[in-house]
Each structure stands twice: as structure tokens, then as C-alpha cells.
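J.: Sharing a structure below in C-alpha cells format, with a few things to ask.
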Amino acid sequence: MKAAALEGQEANVVTDYILKILGLEVCADTFVGDEMRRGISGGQKKRVTTGEMLVGPARALFMDEISTGLDTSTTFHIVNSLRQSIHILNGTALISLLQPAPETYDLFDDIILLSDGHVVYQGPRENVLEFFEYMGFKCPERKGVADFLQEVTSRKDQEQYWARKDEPYSSISVKELAEAFQSFHIGQKLGDDLAVPFDKSKSHPAALTKDKYGVSKKELLKACVSREYLLMKRNLFVYVFKMIQLIFIGVITMTIFIRTEMHRDTITDGGIFMGALFFILIMIMFNGFAELAMTILKLPVFYKQRDLLFYPSWAYSLPALILKTPISILEVTVWVFMSYYVIGFDPDVGSQMASGLFRLMGGLGRNIIVANTCGSFALLTVLVMGGFILTRDDVKKWWKWGYWISPLMYAQNAIAVNEFLGKSWRHVPPNSTEPLGVLVMKSRGIFPEPHWYWIGVGALIGYCFLFNFLFTLALKYLDPFGKPQAVISKETLAERIASKTGENIELSSRGRDSSERRTGASSRSLSWKVTSVNEANQKRMRGMVLPFEPLSMSFDEIKYAVDMPQ
């Protein structure tokens with residue numbers, strides 16, 4: 001117990017530390033937000049994603065422009081914390097930043113300078129300026145190194161950094177810079193290291209992990225249960241509302257099926273009791289419909305964390321079954337004591353079956369529209385084939401399979417056998433040789449044998465585990481709908497094709513130098529036009545290309561005021 005408490009304290013310390021260095025303390029208890037809820041800001045969402053990766057199991061981090069929307073100080077603290085964690089845990093981080101400050105640039109160990117698909121430099125940060133001095137370019141004293149690296153590969157900007165005044169300046173292309181790097185001592189050392197195959201015998205035993213996840217299965221389940229419990233506390237209003245709704249409908253049910261008006265003399269009286277039982281089952285089924293929407297809302301986060309190997313699918317689905325079973329028992333206990341506890345059936349199993357069914361529909365649908373459609377269709381099928389709306393004798397032969405797989409049929413048979421084989425229904429009516437309860441069940445196509453009560457209970461327990469098992473499989477093997485495709489302009493597409501085919505290019509009328517340059521600390525993109533593009537190459541391009549017309553918007557006489565605090 002002491003060790004577990006210590007682990008919990010360490011986890012809280014780590015969480016507080018990450019919140020502090022990312023500047024997220026002010027929004028620690030705020031929802032991230034979605035299309036319908038504002039939530040936190042865009043910059044804070046980026047920092048949440050960064051923190052999520054820090055506490056995840058990955059030891060190799062690939063981060064693209066994580067500083068967008070952040071101020072210089074916050075960017076420095078984030079990169080500094082990443083640097084410390086990488087050095088302590090012997091990890092690796094490849095980060096691209098948008099125009100980083102000099103103090104942020106100095107935190108990097110190595111620099112990779114990319115331009116037009118060529119590796120211009122790859123090596124220690126301390127030697128990058130030495131390479132460009134080797135090529136004849138020098139960074140001014142008050143110039144940021146990141147900005148210098150961004151501009152020195154541009155034909156338009158590199159002339160101002162030419163340091164060999166005794167030699168005439170001649171534009172050096174990116175390709176020539178990349179070739180010259182191969183003869184530079186850093187490039188030669190890199191080439192020699194890559195040419196020699198790595199000796200696996202010198203590898204550390206812990207260099208390659210043998211476990212798929214960062215911690216044991218027990219710890220994964222414990223963490224997911226804790227997270228599910230936290231989400232349930234945040235969604236407490238939903239469960240309170242469901243309970244109030246159940247109590248309200250229970251009061252109405254008690255007034256409709258009041259015992260002073262309920263008789264046990266004829267088969268018609270038995271049909272009224274059968275309707276009351278069916279109504280109770282329907283209410284329990286519909287009470288689990290809320291699981292569908294809550295499941296859909298949580299799926300985007302699950303898919304991201306599943307693909308990043310935070311935890312397996314079973315560790316995500318099992319806590320819902322564990323923690324929500326007591327809630328289902330409480331709901332049906334309140335219902336039974338209010339309306340129909342004298343029947344003595346065990347409806348909490350059926351409630352968990354319904355919740356599992358709608359969780360399965362949410363996992364299969366993966367979209368609120370599709371899931372609602374699938375859930376409504378499944379509920380309609382279960383109701384029609386449940387043995388009350390259509391009795392067993394009225395179901396067509398080709399639909400018999402639907403009757404036998406309907407969970408509602410087993411629930412209906414179980415509670416009907418429990419009720420109509422009781423003492424109140426054992427008297428034999430006139431002109432009959434069988435008890436009234438047996439006649440009522442036969443008139444509705446219910447199996448009158450006593451063992452059907454236990455068959456129904458066992459079937460509902462089986463369906464409960466089956467639906468949750470299928471929900472786990474859906475989470476494991478299905479991916480979300482509508483994965484985003486790259487949307488690029490015609491100019492960008494033409495530029496990419498030209499860089500691959502080597503065709504001549506023509507600069508745009510504005511004279512912008514067309515290049516896409518990215519360093520380990522900065523990135524920038526400009527555009528150029530291509531005079532001709534091979535149509536065959538266009539057909540071979542993958543992804544989705546949506547041409548669009550760039551539009552410029554201008555605003556005139558905008559006024560705004562900022563309220564100052566007292």
C-alpha cells in the first residue's frame with residue numbers, strides 16, 4: 001500500500017510539473033472543447049498535445065512546429081523541458097520550430113537543414129556556421145543563426161552573407177551546397193558512420209524495448225479505471241438526470257398499472273401484466289441509450305492514444321463495464337422498489353446488456369449520425385423480435401433467427417416465467433386443464449418451462465460479455481471515419497512534381513524565390529510556378545488535390561477596446 005501511495009504521489013508530482021512548464025495550470029480543470037464547446041485556446045491545445053506526448057510511452061518524439069501560437073518564453077520552457085527529459089531518459093527528439101529565438105535555438109544538440117528535398121547540413125549545432133564559412137558565407141554578429149540558415153540557402157538572400165570580398169559572388173544552388181557538405185569533415189564523418197553496419201553485439205540490452213506498452217497490464221488497467229472514474233465524476237449530471245428521469249417514469253408507471261385495478265382472473269388480465277413487464281424492459285433498454293453519445297464523444301481521444309500505444313483496447317473498454325455495473329444495479333433497484341419489486345426478477349443484468357449493446361453500436365458507428373442510425377435500427381430489431389410485439393408463432397420462418405438472437409426475448413421469457421408460474425397464477429380457470437399462468441404464456445408464445453428463467457438470466461449475462469467483447473474488438477481493429485487528406489494548391493503540386501522531374505521553373509511575377517526550407521529549429525515555405533507539368537506524373541500523385549483560388553480580404557476602420565481592470 002505504501003508503494004502504491006508513493007507511485008501515486010510521484011505521478012501527481014510529474015503531472016503538476018508538466019502542467020507548470022507548459023503553462024497549463026490556469027486551464028487544468030477546463031474542457032479541451034470541440035465543435036460545440038469552446039474549451040481552451042488553440043495554443044493551449046498544442047501544449048496539451050505536447051504534454052500528452054511527454055507522459056506517453058514513446059522515447060522518440062517527432063514534433064512539427066509545436067511553437068505555433070506560443071510566446072517566446074513558453075517555447076523556450078517547453079523545449080528546455082524536452083531537452084532535459086530526453087537527456088535523462090536517453091531518448092531522441094526531432095523538432096521543427098517556426099523562427100525560434102536564439103536562446104531556444106541554442107538548446108538543440110544537432111541541426112538538420114533541409115531545402116528543396118536536399119540535406120544541406122546534418123550534424124552538431126556548433127559546426128553549422130563553420131560549414132557555411134567553408135562555403136564562403138558568414139553570419140553577422142547580431143543575426144540569429146536560425147534566420148541566417150533560413151536565408152542563406154535562398155538565391156535571393158544569400159548574397160548579403162558573402163564573406164569572400166576578394167572573390168566575385170556567384171549564386172550557389174541548394175544542390176551544390178548539399179554536394180559540398182559531403183566533402184566537409186562533418187559530412188564525411190556522417191557518411192563513414194552510415195557506411196559501416198552497426199554491430200548489434202555492442203547494443204545495450206535495453207536499447208530496443210520488448211514490451212509493447214510502457215507499463216504492466218495491471219498498471220494500464222489501473223490508470224484507465226482512474227481515468228474512467230474521473231470522466232464519470234465530470235459527467236455526474238448525466239447520471240443524476242437519468243436517475244431522476246427513471247424515478248419520474250416509475251411514478252407514472254405505478255399510477256398506470258396500479259394494483260387495485262390489476263386482476264388475475266382471465267387471459268386478458270395476464271396480457272395486461274405482460275404489457276407491464278414489457279414496459280419495464282423497454283425502460284431499462286432506453287435508459288442505456290445515453291451510452292451511445294458518450295461513447296462517440298470519447299472515441300477521437302481514444303483513437304489517438306491507441307495508435308500511440310498508450311494502452312490496449314481492452315484496458316479502455318473494461319473499466320466502463322466495471323464502474324458502470326454498480327450504477328445500473330442502483331438504477332434498477334430504485335425502479336424495482338418503486339414499481340415492481342414483487343416480481344422478483346433480476347433486471348440489472350439486462351441493464352448492463354443494453355449499455356453494452358449501445359457501446360457496441362458506438363464503437364461500430366464511430367460517428368454520431370451513423371451510430372444513432374445503427375443504434376435505432378438495433379433497438380427496433382430487438383423490440384420487434386423480442387416476443388411481445390410479435391409473438392413466437394407470428395414471426396415468419398425466415399425471421400426465426402432474429403427471434404432467437406434477440407436479447408429481449410430471453411429477458412421477456414425469464415421474467416414471464418418468474419411471474420406467471422407464481423402462486424397468484426396457479427389456479428385453473430373454468431373449462432381448462434392448465435393453470436392460468438401457463439395459458440397466458442402460451443397465448444403470447446412464451447416457453448412455460450421453469451428452467452427458462454435461468455436460461456434467460458444466463459443468456460443476458462452472456463450478451464453482456466459478448467457486446468463488451470465485440471466493443472473491444474471494434475475499438476482494436478476499426479479506424480475513425482474521414483481521415484484528413486492533404487489539400488494542396490496547384491502551384492504547390494506543380495512545385496513538387498518539378499522538384500522530382502527536374503523540369504525548368506519560372507519564378508512568379510512577384511519574384512519570390514521558391515523553396516521550402518526547414519531546419520531543426522525553423523521552417524518556411526514560398527511558392528513558384530512551373531511552366532509545364534507532365535500529366536502522367538500528375539496521375540501518379542497520391543492523396544487528394546483540391547484546387548482553389550486564393551482570395552485576399554481587407555478590413556477598414558476596425559475599432560476595438562480592451563477593458564482595463566480596476
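Note that the numbers count up from 1, one per residue, in the order the chain is shown.
Positions of Cβ are set from backbone N, Cα and C atoms, glycine also.
TrEMBL entries are annotated by machine, without manual review.
Just lifted these from TrEMBL, have a look:
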DOMAIN    99-150  domain 'ABC transporter family G'
DOMAIN    220-420  domain 'ABC-2 type transporter transmembrane'
TRANSMEM  236-258  transmembrane segment
TRANSMEM  270-297  transmembrane segment
TRANSMEM  318-343  transmembrane segment
TRANSMEM  368-389  transmembrane segment
DOMAIN    425-488  domain 'Plant PDR ABC transporter associated'
TRANSMEM  452-475  transmembrane segment
REGION    504-523  region 'Disordered'
COMPBIAS  509-519  compositional bias 'Basic and acidic residues'
J.: On average, what pLDDT score does this prediction assign to the domain 'ABC transporter family G' (99-150)?
T.: 89
J.: Please list the DSSP helix, strand and coil residue counts for the domain 'ABC transporter family G' (99-150).
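T.: Residue counts in helix, strand and coil order: 20 helix, 14 strand, 18 coil.
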J.: Determine how many residues of the domain 'Plant PDR ABC transporter associated' (425-488) DSSP places in helix, in strand and in coil.
T.: 35 helix, 0 strand, 29 coil
